[in-house]
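Undergrad: Pasting in a structure now, in structure tokens, and then I'll have a few things to ask.
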Amino acid sequence: MAELTISANDIQSAIEEYVGSFTSDTSREEVGTVVDAGDGIAHVEGLPSVMTQELLEFPGGVLGVALNLDEHSVGAVILGNFENIEEGQQVKRTGEVLSVPVGDAFLGRVINPLGQPIDGRGDIEAETRRALELQAPSVVQRQSVKEPLQTGIKAIDAMTPIGRGQRQLIIGDRKTGKTAVCVDTILNQRQNWETGDPKKQVRCVYVAVGQKGTTIASVRRALEEGGAMDYTTIVAAPASDSAGFKWLAPYTGSAVAQHWMYDGKHVLIVFDDLTKQAEAYRAISLLLRRPPGREAYPGDVFYLHSRLLERCAKLSDELGGGSLTGLPIIETKANDISAYIPTNVISITDGQCFLETDLFNQGVRPAINVGVSVSRVGGAAQIKAMKEVAGSLRLDLSQYRELEAFAAFASDLDATSKAQLDRGARLVELLKQPQYQPMPVEEQVISIFLGTGGHLDSVPVEDVRRFETELLDHIRASEENLLSTIRDTQKLTEETEEALTKVINHFKKGFASSTGESVVPDEHVEAMDEEDLGKESVKVKKPAPQKKK
């Protein structure tokens, strides 16, 4: 009988091979249990190692965000449909913080706050993902605002100019044209986009928070008709969405925009509106049993907006020189800008445009209140030509508003006050502008020059806008060199000013008012003395011209 010749080494290697190829069928993961759920909030027991702002996975693939880390439970905000979440269901950790996909493929698309497309045009191929909670650029990483961002709205570009990297608040009651101002600004970037120059191009992100679905659809339609969807992304969290989506939407929009900013590009983001985001965050906080403060808002509602708006910046040249310009919208009640959320956002932003209901109802649109509106940064980014012609515009309009109130009670006014009232009425008429019709900056300069230079003083108020429109049509057709000079040099030299005055005076001769009268001012002629009447010749003593020093 043959002996077995198995060595100890063979046995050892066989055992090692078997142990090395062994895989366990068990895995270790933290699992929690839903204690109660409702109104978009769930309390989960277990999950001792969960992080704040971590994503949790509920049954059916529904996601939630861990916000409250209590001693025995976790308070989570459910993102999406929460109707099927019930007590006793299991909840898993994902080990990830909330992030969204970003990239150029998002241009022209409509997405939800999770970065998922909702426009029915298929999936979006993302370049990378970006966390929603990111630190804003530090002081060292920024530079001062020095490039203009033209809105195409005369009243804003002349009196409250906006620079690239600035945060300009648009504030006013409902139905005063806040969204229209921002949509006009997006439409006005089309000319820059068509140049193909990355230094001029401005990508746009429109964040709709708590808006009606029809409103979001009409904004999208206006952008498509204006050719602006090519460079715009819409982040939509309509009124029908949960409070969690409304809270997250502005952060999603800023994450998409920051990707381009850190890539050296220029971006404009519109938050429409942050009042509804604050209300959604208040609802979440109250449901999570956080202690309420003023107007029942939680104590960190200021931080909610400050950490969002501080992401708007003009980056230093070392970081590529990109910029993110923010236009947050705040809705007031009865023109009260001293309420909690309005004062918070006013203190965070670099200026505000205040839209007033009374002006809107009077037909002054955009209904910007000059006295309360201000830009604390943009003046440094205003082009020189606009600075020259619009220097006295704000003062003239403010004086007009004061005199207008006084004139209602005064029976007779002196000649100076009457002239100020007449000039002011024409300036107000000049600054009116139809919706979705932004104006190039060179045409704005000519338009403002008409008013502040006194060229409209002889034109009846009701004919001011027709005079402006027909003059600009004439200049586009016959004097294109004037527009190109202002556009290229961004200055209004003495030669350009003289040529412009000459064109205006020549145009006036052929322009007739609505009553058929000429708008050329009559030359002032002094009456003759009685003893000179009937004489063949009259000697007139003229003062000797003074010598120039």
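Even glycines carry a Cβ here, placed using N, Cα and C.
Annotation comment: Swiss-Prot describes GLY172, ASP173, ARG174, LYS175, THR176, GLY177, LYS178, THR179 as ATP binding site, evidence class sequence analysis. Taken from Swiss-Prot, the feature compositional bias 'Basic residues' applies to 540-549. Per Swiss-Prot, the feature region 'Disordered' maps to 513-549. The annotation site 'Required for activity' is assigned in Swiss-Prot to SER373 on the grounds of sequence analysis.
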Undergrad: How many other Cβ atoms are found within 10 Å of the Cβ atom of ASP173 (ATP binding site), counting all protein chains shown?
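TA: Other Cβ atoms within 10 Å of ASP173 (ATP binding site): 18.
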Undergrad: When the number of other CB atoms within 10 A of each residue's CB is tallied over all shown chains, which of the recorded positions THR176, SER373 has the maximum?
TA: THR176
Undergrad: When you tally the Cβ atoms that lie within 10 Å of each candidate's Cβ, which of the binding-site residues (GLY172, GLY177) has the highest tally?
TA: GLY172
Undergrad: Which residue, out of the binding-site residues LYS175, LYS178, shows the minimum number of other Cβ atoms inside 10 Å of its Cβ in this structure?
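TA: Sparsest of the binding-site residues LYS175, LYS178 by Cβ contacts within 10 Å: LYS175.
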Undergrad: Sequence gap of 6 or more, Cβ distance under 8 Å: name the residues on the same chain that satisfy this around ARG174 (ATP binding site), in order along the sequence.
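TA: Set apart from ARG174 (ATP binding site) by at least 6 residues yet with Cβ under 8 Å, we have GLU331.
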Undergrad: When you measure from the Cβ of THR179 (ATP binding site), how many other Cβ atoms are you left with inside 10 Å?
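TA: 22, counting other Cβ atoms within 10 Å of THR179 (ATP binding site).
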Undergrad: Residues other than GLY172, ASP173, ARG174, LYS175, THR176, GLY177, LYS178, THR179 within 8 Å, Cβ to Cβ centroid, of the ATP site?
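TA: Same chain, not in GLY172, ASP173, ARG174, LYS175, THR176, GLY177, LYS178, THR179, Cβ within 8 Å: GLU331, LEU355, THR357, PHE360.
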Undergrad: Express the distance between the Cα positions of GLY172 (ATP binding site) and SER373 (site 'Required for activity') as a whole number of Å.
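TA: Approximately 11 Å lies between the Cα of GLY172 (ATP binding site) and that of SER373 (site 'Required for activity').
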Undergrad: Taking the Cα atoms as reference points, how far is THR176 (ATP binding site) from SER373 (site 'Required for activity') in Å?
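TA: Here the two Cα atoms are 15 Å apart.
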Undergrad: Could you state the whole-number distance in Å separating the C-alpha atoms of GLY177 (ATP binding site) and SER373 (site 'Required for activity')?
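TA: The Cα atom of GLY177 (ATP binding site) is 15 Å away from the Cα atom of SER373 (site 'Required for activity').
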